[in-house]
Amino acid sequence: MNHLTAMSELSAAEITELLREAKAIKEGTVRHDLAGKFVANLFFEPSTRTRFSFEVAEKKLGMNVLSLDDTSTSVQKGESLYDTVKTLESIGADACVIRHSTDEYYKDLTGRVNIPILNAGDGCGQHPTQSLLDLMTIQEEFETFQGLTVSIHGDIKHSRVARSNAEVLTRLGARVLFSGPPQWQDEKNAFGTCVQTDEAIQASDVVMLLRIQNERHQTEADQKGYLEAYGLTAKRAESMKRHAIIMHPAPVNRGVEIDTTLVECGKSRIFKQMENGVYIRMAVLKRALQTNVKRGEAAYVLSH
């Protein structure tokens with residue numbers, strides 16, 4: 001069963017394969033490789049990029065898309081997530097894409113349902129497709145991860161993007177630096193070194209900004225002065241390496257974690273990340289719907 005719930009599930013070879021497939025899709029002609037398949041998108045947290053990127057990817061592949069949220073399912077009536085997914089499986093869904101506020105919600109599903117679960121973000125846990133599209137964007141720029149320095153700035157403790165990226169980038173040979181307010185450092189994340197903001201920016205090939213995750217804080221953070229203290233200001237951007245790039249998983253809070261003039265500057269790859277997200281999610285969907293042994297379906301072969 002080709003679930004994708006965390007980056008740690010993927011070997012380096014599998015990551016390379018997904019990146020290669022996404023590149024082939026981007027450079028080639030889109031085919032309706034999954035025509036006739038049904039996918040259910042269950043988003044229990046707000047989402048623009050991930051939700052609609054998945055939906056575009058699914059429709060480009062010819063899939064039938066069922067889009068659901070917490071107001072349109074029986075979860076509102078007390079039904080468990082497992083029973084919801086099992087219901088969708090029973091009526092013919094071939095895969096489920098799920099975003100949920102609970103960390104590791106998928107542990108109650110994998111091994112119990114007979115369709116692939118694709119994690120579109122779990123609480124403060126993991127965001128594997130975001131990590132893959134970030135890898136694709138970095139690879140397009142530098143061709144390799146080996147020897148790169150990637151700094152991740154901001155609300156590290158509450159960021160599933162930071163958690164997914166730090167692990168996989170370290171595994172692929174990059175050095176990861178963390179920077180941000182001390183209270184938002186993640187003591188459990190062993191895949192990066194905490195340094196001062198200016199030092200991190202000057203040392204980096206990739207400067208990755210994160211928004212403040214107010215929805216995961218007990219009290220709303222004070223954003224006054226945050227940009228000058230911890231964000232990417234225009235002055236700090238001048239100290240970046242000549243070839244360095246700026247990334248952000250979005251949504252972007254302009255003027256908070258990044259100066260508004262930098263969002264679409266020459267070094268920015270923020271909207272390129274969003275574009276690459278469609279191709280990565282197409283590759284992930286194709287991987288998920290290769291031979292489903294329990295259903296006895298034919299394999300979908302990657303295109304390259």
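Using the three backbone atoms N, Cα and C, a Cβ is placed for every residue, glycine included.
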Swiss-Prot carbamoyl phosphate site partner of Arg49, Thr50, His127, Gln130, Ala250, Pro251, selected from Arg20, Arg31, Arg99: Arg99
For Arg49 (carbamoyl phosphate binding site), nearby residues of its own chain (Cβ under 8 Å, 6 or more apart in sequence): Ala250, Pro251, Met274, Gly277
Cβ neighbours of Gln130 (carbamoyl phosphate binding site) where a neighbour is any other Cβ within 10 Å: 24
